[in-house]
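Taken from TrEMBL as is:
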DOMAIN    A:124-200  domain 'YdbS-like PH'
DOMAIN    A:308-384  domain 'YdbS-like PH'
DOMAIN    A:437-511  domain 'YdbS-like PH'
REGION    A:1-27  region 'Disordered'
TRANSMEM  A:58-76  transmembrane segment
TRANSMEM  A:101-122  transmembrane segment
TRANSMEM  A:259-278  transmembrane segment
TRANSMEM  A:284-303  transmembrane segment
Amino acid sequence: MSTDPIRPLGAEAGPVGDPGGRPAGTEPEAIRAAEAPRAEAAALADGEWHRLHPATPFLRGGVAFVAILGILVANFRDRLIDLAVGFEEKDPFDLLIERGWLLPVLGGAIVLVLLGVVGFYLSWRFNQFRVTDEVVEVRSGILFRTQRQARLDRIQGINLGRPLLARLFGAARLEISVAGQDANVRLAFLGSAAADTLRRDVLALASGAKRGGAPAVERARTGLLEQRVGELLAPELDPGEAPPESVVKIPPGRLIGSLLLTESTLILVLVLGVGIPWSLSVGSWYVLLGAFPALLGMGSLIVQRFTRTLRYSIAGTPNGVRVGYGLLSTSNQTIPPGRVHAIAVRQPLLWRAAGWWQITTNLASSGSGSGRGGATPATTLLPVGSRADVARVLALLHPALGDADPSLLETGLVGKGGTDGFVNAPRRARWLRPFSWRRTGFTLTGSALVLRRGAIWRSLILVPQARLQSVALVQGPLQRRLRLAGVHAHTVAGPVLPRLEVVDARTAVSLFDDLRTTAVTSGEADTTHRWNSPRTAS
Amino acid sequence: MAERLEPVDGEWKRVSPKQVGVELAGSGVTVLLAVVLAVVTFLLGAGVMAAIFTAAALVALFATSLVPRRVRSYGYQLREDDLLFRRGLLFQRFVAIPYGRMQLIDINRGPLSRALGLSELKFVTAAAATNVTIPGLPEGEAEGLRDRLVGLAETRRVGL
């Protein structure tokens, strides 16, 4: 703590002079701070305490603060002066000199600014993190200190978010999600390159691989501007770190189509189609004004989804699946192996003609609700894709599926039912599932429970058996009369509900039994919490 | 009516019969409330409301009459690898929780349960849907069971 505070102060108080551009090497602390060049950045996960990017307070909210203050001052200057002094139509400085208040007022202003700067500086100074072999730890707060630890083997995902502003300044937010509500460890902000290396190192440590594995990828230090532009445009932050091509590409046309072909657009069109002629015939056109907010809201939602999904990418890396989203503010999520608790492949009714599907998942880290800047781990891992895309994404999310019968996916998605490898509901289930009883069924692969449901809104659900938290067998009076029963697989919360409501009662009992056993055995055999380490006893 | 589900053999441990008292008190209050409301609305001359409340009282009374059987339907088994819990008559529910998946175990006591010396054991896994609560356990048994299960969960701990 023996640093000369002037430099970091300058970095914050000024209009964020570019911190990455400062010559490194003048000051030991600043080098250890995250915006250090790559050679040093590689050492961020060395078990020592480090600081965040010096521009952090500015990026986190300082901009808004300064802007608001500026607007307030500009708008209320005259009013304030009037209030305080009672004079008008005079230059405030003349006034001050006239009254001999210049020095005290100037001094006060300087003290205020200094206090703010010192506050920002201290909050930056006290916000430190370290990555050891076992945990990621963050401590922050000046008066009320908080310390948060996340065990590396419990990491559910790492999200690299780059809000537009931070992106312009070459900074990124690294969010390490662990299971639970609002339990994420946020490192906001780090230099882009540093965040990238740190992500790789944390993943490598979490995987159980030993330290000092892959050396840091050297990148030629070109001019600052070129580097920034390169970072801004790079699809992945670090070309050396970038995984192979995204396995799915969404053409813009398909994306727009998928956003427009939803039930809500249909309803809107219907409402407008009926509403406009009706209101015109009645002559009360102002009724239409009521529809305006809805239109606006829907339009903005579609635009938002569009920009978010336009640069969607998904690819497999040794340390998990990497999903990228976002056009302006980007987010890049890495889901280590074994962190997907349930997968649903769905087809909304209107997508049927186009043959599109969507993949959503249950992740233990989701649902924290901190949806700022697109940092929440997205549960929709394939926004829209063809059947081939679905197969490719499923192969990434649940690689063990490859061992199963290759026709499984086909029959699971579009099969009509009957004897096709799935154990389907008996005919008497038509009283409860008049349209879909033929298709409602399950099958067990070596590693997953596969449920098939729905004839109109078709869906296929996959639950890795090693992720089953518990299993339930249920039967209501109607099901009992029809000699049916339901089997529910319990996984972490998410958009996927792995439930089978109509199965032959005896089959249900044996399925319940099977799941009960496999939930235990595959859970104990599972080593994905340290996915790269040689098999250890759990 | 077809036969009820009986997915596993083995002895089900049942909860204390005193739990009937706790649950009877609960549904008794509902019946009483519905009756009082029915009478008041009838005296005030709101015939429709009175009819609705009378119906509600009858339904609650029916539910109350099922309480002893419902309490008898609660049961659990400690098996080799998992805890099995059952409940319900009309809507039967069996849940199997592998020991290694238990994240925490709560002991709760309501005022009435405390007077009768009963506890309620609540199991929490990473899945909210698990939702297993064993009511009506004698205090000593509840604590013994909790300690034993926590020990089992610790030795057989698996990831999420």
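Keep in mind that glycine also has a Cβ here, set from the backbone N, Cα and C atoms.
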(request) Take the transmembrane segment (A:284-303) and find every residue of the same chain, 6 or more past its ends, with a Cβ under 8 Å from one of its Cβ atoms. (result) 259-260, 264-265, 268, 271-272, 275-276
(request) Mind looking up the mean pLDDT for the domain 'YdbS-like PH' (A:308-384) in the predicted model? (result) 82
(message) Counting by DSSP secondary structure, give me helix, strand and coil numbers for the domain 'YdbS-like PH' (A:437-511).
(response) 15 helix, 36 strand, 24 coil
(message) Let's see if you can do this one: DSSP helix, strand and coil counts over the domain 'YdbS-like PH' (A:308-384), in that order.
(response) 8 helix, 37 strand, 32 coil
(request) Pull the DSSP breakdown for the domain 'YdbS-like PH' (A:124-200) and write it out as helix, strand, coil residue counts. (result) 20 helix, 39 strand, 18 coil
